[in-house]
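Down below is the structure, laid out as structure tokens.
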């Protein structure tokens, strides 16, 4: 295992890369479609119908490219989460295993965002054109996106963000405290194994709630929706644990108010 002087910078570099990628992902999924950053090609009249688009190589080629990028990201994200791969990376990278996973995921997502090919000439599933929808629908989408991202950031902070990013593992190792997950209860570990993406509903809102849903955005939303759905396996025990934890936190938050009332 590398000395602490090397572990800490490596974990911080992974965190900075992930943070920058997260900011770029907000721009890619929200700011660009909501603020008109996707290049147009003559407006709605220049778009083809669905049957014509499915026979047009100039539309199918970028869609196939985008699909390849998404499969690359999903493949990396799933492969490195497999138990055998995690055991191998833990053997050679130790406490940096999670940081390595986060860094590779960020790099794969960077590839998706940087080389994504829009399809402005393709058909759209829906589009807000006529007034007042052309004004109010983008505004409503913007508000929902802002709320969703605020919820995402709040949930990540509550859901042991430092452990998810790999920082806590290195911090505990340097202080000789062992593995962070080893200190959690069996019910918490069970929940974490079922729910490593604790922001599913909010991400789905960001992916689907847009003023214009074109072919490339539809591909992005569909594939990530399927992946998020398959990555979640909550059952009744998990829900009971979440409900108990929520009630416990609310009880703790209400204690100062009870003291003041007395």
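Cβ from N, Cα, C; glycine included.
It is 217-234, from the ranges 37-54, 217-234, that Swiss-Prot records as transmembrane segment. Membrane topology from Swiss-Prot places residue 58 and residue 165 on either side, one opposite the other. Long-range Cβ contacts of the transmembrane segment (98-114) within its own chain (Cβ-Cβ under 8 Å, at least 6 residues beyond either end) map to 10-11, 13-15, 17-18, 20-21, 24-25, 28, 69-70, 72-73, 76-77, 80-81, 86, 89, 163-167, 169-170.
Mapped onto DSSP classes, the topological domain 'Perinuclear space' (211-216) shows 2 helix, 3 strand, 1 coil.
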